[in-house]
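Chemist: Residues or ranges marked as signal peptide in TrEMBL: 1-19. Here TrEMBL flags 5-322 as domain 'FAD dependent oxidoreductase'. What TrEMBL lists as FAD binding site is Thr43, Ser44, Val166. For Tyr223, Arg278, the entry in TrEMBL reads D-dopa binding site.
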Amino acid sequence: MAALKVAVVGAGVIGLSTALCIMETCPNCSVTILSEQFSPNTTSDVAAGMLIPHTYPDTPIHVQKQWFKETFTYLFAISNSAEASEAGIHLVSGWQVFKNTPKEELPFWSDVVLGFRPMSKAELQKFPQHQSGQAFTTLKCDCPPYLLWLEKRLKAAGVQMYTRKVADLWELHGKYDIIVNCAGIGAHQLVGDKKLLPIRGQVLKVHAPWVKNFIRDGDGLTYIYPGIHRITLGGTREKENWTLSPDPGTTKDIFDRCCSLEPSLWGAQDIQVKVGLRPSRQCVRLQREVLSQGGVKLLVVHNYGHGAGGFSVHRGTAKEAAGLVGECIAALQGSSSKAKL
Ligand code: FAD
């Protein structure tokens with residue numbers, strides 16, 4: 001049987017990592033990425049890239065934990081290799097602080113990150129407006145370098161990449177055997193998923209190389225995430241807001257909130273403002289689907305809807321999506337050998 005052709009729609013962190021996992025698990029198929037935008041113009045480029053999971057209400061916690069663990073283990077190995085600086089992956093230590101005692105003392109991911117513990121009284125003196133906190137070390141992706149590193153690996157593995165907007169998955173029928181939908185918020189239009197909604201996020205990327213520790217307010221709204229070259233200051237979570245242009249009032253508000261947590265940021269320089277739309281859903285859509293039109297079938301694997309936590313779970317969900325592609329390949333090979341008989 002000739003090599004099966006797989007098209008991955010989307011070139012954010014989910015599309016690129018899914019394409020890579022497909023190449024690793026199904027080396028005999030040919031993979032093409034079709035995307036309206038590539039780095040640096042995706043939502044994934046805007047993200048802070050911190051590995052602190054977001055919770056998906058309709059996905060069992062043990063599944064979310066497994067996705068996070070696989071992602072953490074994968075990136076930890078990169079951070080511990082000569083590839084780390086090119087891939088933009090590094091360890092970062094810091095604090096999550098709470099004004100009120102959090103509902104759950106131990107988040108489900110506390111034994112995946114490193115050295116999770118309650119903050120000491122001495123540490124809490126840095127945060128006079130907060131009552132308690134958690135200290136830990138996690139990983140951070142500097143997003144544009146990580147996306148370019150994934151693209152480089154894909155090109156080396158022979159994956160073709162084309163800039164193309166796909167208006168309807170059926171456009172790809174005949175040319176490809178399996179379609180993998182990693183269109184992020186674009187899936188709202190592409191497959192008409194009304195359960196998928198944007199949560200607008202505005203962040204600032206600033207130069208303040210003296211800030212080495214991350215600080216996250218437990219409400220999830222205000223955060224300071226140091227990267228290799230710049231620090232991400234956040235943020236906002238605006239449900240069903242599709243506006244991509246930055247709002248100057250919000251920029252000032254984010255900067256003030258972050259300076260109140262870390263006063264040395266008043267000296268930050270070169271403030272850039274970015275906006276992205278988190279592809280939000282009650283659960284990630286990780287699913288096989290057989291579309292059918294007039295007796296003709298199209299095999300689709302969906303992997304989208306990662307909301308505020310795409311970087312935290314990308315490798316785990318990419319592996320699962322590659323497994324679903326493997327199931328489609330087995331089904332196609334089964335039907336072609338039956339046809340020969
Ligand atoms: P995208 O990056 O949007 O990629 C979708 C791709 O599909 C794009 O290439 C697009 O061009 C393409 N596409 C869409 N429609 C079509 C079409 N019709 N035809 C062809 N191509 C199409 N997550 C974390 O884990 N940690 C964080 O610290 C973090 N911080 C964040 C901060 C902000 C401000 C924001 C906005 C998000 C943050 N996230 C974070 C969430 C994370 O960014 C997302 O979960 C993740 O980027 C989603 O990746 P994606 O590949 O699904 O989407």
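Here the Cβ of each residue, glycine as well, is placed from N, Cα and C on the backbone.
Curation does not apply to TrEMBL; its annotations are automatic.
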Chemist: Whole-number Å only: compute the distance from the Cα of Tyr223 (D-dopa binding site) to the Cα of Val166 (FAD binding site).
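Modeler: Approximately 35 Å lies between the Cα of Tyr223 (D-dopa binding site) and that of Val166 (FAD binding site).
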Chemist: Could you say whether, by DSSP, Arg278 (D-dopa binding site) belongs to a helix, a strand or a coil region?
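Modeler: Where Arg278 (D-dopa binding site) sits, the three-state DSSP reduction gives strand.
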Chemist: List every residue in the same chain as Thr43 (FAD binding site), at least 6 positions away in sequence, whose Cβ is under 8 Å from its Cβ.
Modeler: Gly12, Gly184, Ile185, Gly276, Leu277, Arg278, Pro279
Chemist: Taking only same-chain residues 6+ apart in sequence, whose CB is under 8 Å from that of Ser44 (FAD binding site), what do you get?
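Modeler: Residues satisfying the criterion: Gly12, Val13, Ile14, Cys143, Leu147, Gly184, Gly310, Phe311.
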Chemist: Under a three-state reading of DSSP, tell me whether Tyr223 (D-dopa binding site) is helix, strand or coil.
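Modeler: SS state of Tyr223 (D-dopa binding site) = strand.
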Chemist: Using the structure shown, find which entry in Val166, Tyr223, Arg278 (the binding-site residues) has the sparsest Cβ neighbourhood within 10 Å.
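Modeler: Val166, out of the binding-site residues Val166, Tyr223, Arg278, has the fewest neighbouring Cβ atoms within 10 Å.
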Chemist: Which of the binding-site residues Thr43, Val166, Tyr223 have a Cβ less than 6 Å from any atom of ligand 1?
Modeler: Thr43, Val166
Chemist: Quick check: in three-state DSSP terms, what is Thr43 (FAD binding site)?
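Modeler: In three-state terms, Thr43 (FAD binding site) counts as helix.
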Chemist: If you measure every Cα to Cα pair among Thr43, Ser44, Val166, the residues listed for FAD, what is the largest value in Å?
Modeler: 19
